[in-house]
């Protein structure tokens, strides 16, 4: 498919170059739509040359029908029978072709012309063609009678190569009684010209010295060709035109620019000239130019223009003496009274068109500001201070500057104006043993609070300390954190009838004796009831910050059990019932007996009870 596409493209390109222009009236009826380019055609059609139809919209893969054989002849075709394919006809010996010798597959899928025929040759056809020669035959039909002769001669520019060769051809019958041309054996050869020679300081192109070939001449860089650039070997064996020569290139002498000059003595190829300007002028353009191979100076001619500096801007808080801007002019800068001059005092217009220095600054003075709770050292309020000067702020006693104490005057504006504020506390508040300090800032007026660690309590209610003018200050006696002790628990809970209070230690719990008056922070006591009693309230208490917690007083209450209807049969393996079975007999309304058993849980029957273990010597109903 790719091959067919390339074939179609090549055919289209060739068609556009060689296709005849056909008017609408000249186009045969079988022609397809006329076009100029592929865009004029639809679908898979392309704009291609269709013989006598000219450029037409055709299907490049259209196929023509196979050609029938020609009697006493043959047909040669190249490739398949697609559009544009040619069929060439020929006859066997003794026969001559009558009709078109070639036919072409057209866009309408038909072959051009009609089929030719081969008939017995009784006359000679056209005389044979001899390269670079012509004959004097004059038959308009292209057929010659027997014994007809034609003479050959070489065309101009060619000569007879074989001097003894026969230059005549004659129509005779061959052994098969078929008319045939015999002769000539003429050979024509192009006439030769003598060697044209080389060109000095140049190059010759072309090494064939025969008619009708050419030789071309060119010169080396720095030389110009004088004469014709080419010569042709003519039909008479001589070269046309006169020999050319290469002459060294020379540029014309350049003129000096106005207010300047040009330096350089040589004007030959690749010579260089240099331009310069008079004092007070500067060169605009190239400093140097070179003589090119074409005999002209490279680049454009420069010019000299007067050197001028830009007009200086106005000087705020000052003035400029001198208004000239030409080369060498001087401008003097002056500031008004009380202004500070910062920068150059004058500037000169230089050769590069720039001033030697930028304009200065005339800076206004600053007035000494009012400083609350302070002053400016060695200066009085409202006094003028020159721009660029530095002053120092001094704060009153027990005050400090909130930012840098050094002020700089810059063109009537101070770099900053600090505020003298009461001193901050730069040290931590005094440390108190067994306490921690809570505070977020240490500026004047800030407060800090003490909190005693666990097991300690403050010696006073006010636990606050305040920062005043750089010192941490507090009212009353010094803050202390004292150890916390709990008194005998009887003072909190009283006695525990039916039980006892135990003091817990590392090795266990023992009875809290009356002689123990204080217990340290974190110690614990437990409450325990005697047999037949159970505890109501907290089982333990802990000494926290000098108090027993929780403060709820426990009680020991004697145990009672409700009567259970029926009979309880004990499991005699053990007296207690920790998870053991118990059997209950319950009388129902029908005076029948049912036996139930189970662990502490629901016993089903007419009377429902929950039996649970409670003590070593009894059960109770839940």
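The backbone N, Cα and C atoms fix where each Cβ goes, glycine too.
Under the heading signal peptide, Swiss-Prot lists 1-16.
Under DSSP, the residues of the domain 'WAP' (17-61) split into helix, strand and coil as follows: 11 helix, 9 strand, 25 coil. The domain 'WAP' annotation in Swiss-Prot covers 17-61.
According to Swiss-Prot, the disulfide bond annotation covers 19-49 (among others). The Cβ of residue 19 (disulfide bond) lies under 8 Å from the Cβ of 49, 54, 55, each of which sits 6+ residues away along the same chain.
Residues annotated as disulfide bond in Swiss-Prot: 41-57 (among others). When Cβ atoms from all protein chains are considered, those within 10 Å of residue 57 (disulfide bond) total 20, not counting its own.
Residues belonging to the domain 'Sushi 1' (62-120) score a mean pLDDT of 90 in the model. Taken from Swiss-Prot, the feature domain 'Sushi 1' applies to 62-120.
Per Swiss-Prot, the feature disulfide bond maps to 64-105 (among others). Secondary structure at residue 64 (disulfide bond), taken from DSSP and collapsed to helix, strand or coil, is coil.
The disulfide bond annotation in Swiss-Prot covers 91-118 (among others), and the record cites similarity to another entry as its basis. Residue environment of residue 91 (disulfide bond) contains 21 other Cβ atoms, counted within 10 Å of its Cβ in all protein chains.
Taken from Swiss-Prot, the feature domain 'Sushi 2' covers 122-190.
Residue 171 (disulfide bond) carries a strand DSSP state (E or B). If you look up Swiss-Prot, you'll see 124-171 (among others) marked as disulfide bond.
For residue 154 (disulfide bond), the same-chain residues that are 6 or more apart in sequence and have a Cβ closer than 8 Å to its Cβ are 132, 133, 160, 186, 188. Annotated disulfide bond per Swiss-Prot: 154-188 (among others), in sequence order.
Here Swiss-Prot flags 191-248 as domain 'Sushi 3', drawing on sequence analysis.
Marked as disulfide bond by Swiss-Prot: 219-246 (among others). Applying an 8 A CB threshold to same-chain residues 6+ apart, the list for residue 219 (disulfide bond) reads 199, 201, 202, 203, 225, 246.
The domain 'Sushi 4' annotation in Swiss-Prot covers 249-306 and rests on sequence analysis.
Annotation source Swiss-Prot lists disulfide bond at 251-291 (among others), citing similarity to another entry. Cβ neighbours of residue 291 (disulfide bond) (same chain, under 8 Å, six or more residues apart in sequence): 249, 250, 251, 267, 268, 269, 270, 271, 272, 297, 298. Under the DSSP three-state reduction, residue 291 (disulfide bond) is assigned to strand.
Swiss-Prot lists 277-304 (among others) with the feature disulfide bond, giving similarity to another entry as the kind of evidence. Cβ contacts within 10 Å of residue 304 (disulfide bond), excluding its own Cβ and spanning all protein chains shown: 21.
Per Swiss-Prot, the feature domain 'Sushi 5' maps to 307-364; the stated evidence is sequence analysis.
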Helix, strand or coil at residue 362 (disulfide bond) [DSSP, three-state]: strand
Residue 467 (disulfide bond) to residue 118 (disulfide bond) - Cα separation in whole Å: 136
For the domain 'Sushi 8' (484-558), the number of residues DSSP places in helix, strand and coil: 4 helix, 37 strand, 34 coil
Three-class DSSP secondary structure - residue 425 (disulfide bond): coil
Residue 411 (N-linked glycosylation site): nearby disulfide-bonded residues from 41, 64, 277, 362, 425, Cα cut-off 10 Å: 362
Pairwise Cα distance for residue 529 (disulfide bond)/residue 425 (disulfide bond) [Å, integer]: 60
Same chain, 6+ residues apart, C-beta under 8 Å of the C-beta of residue 105 (disulfide bond), given in sequence order: 62, 63, 64, 81, 82, 83, 84, 85, 86, 87, 111
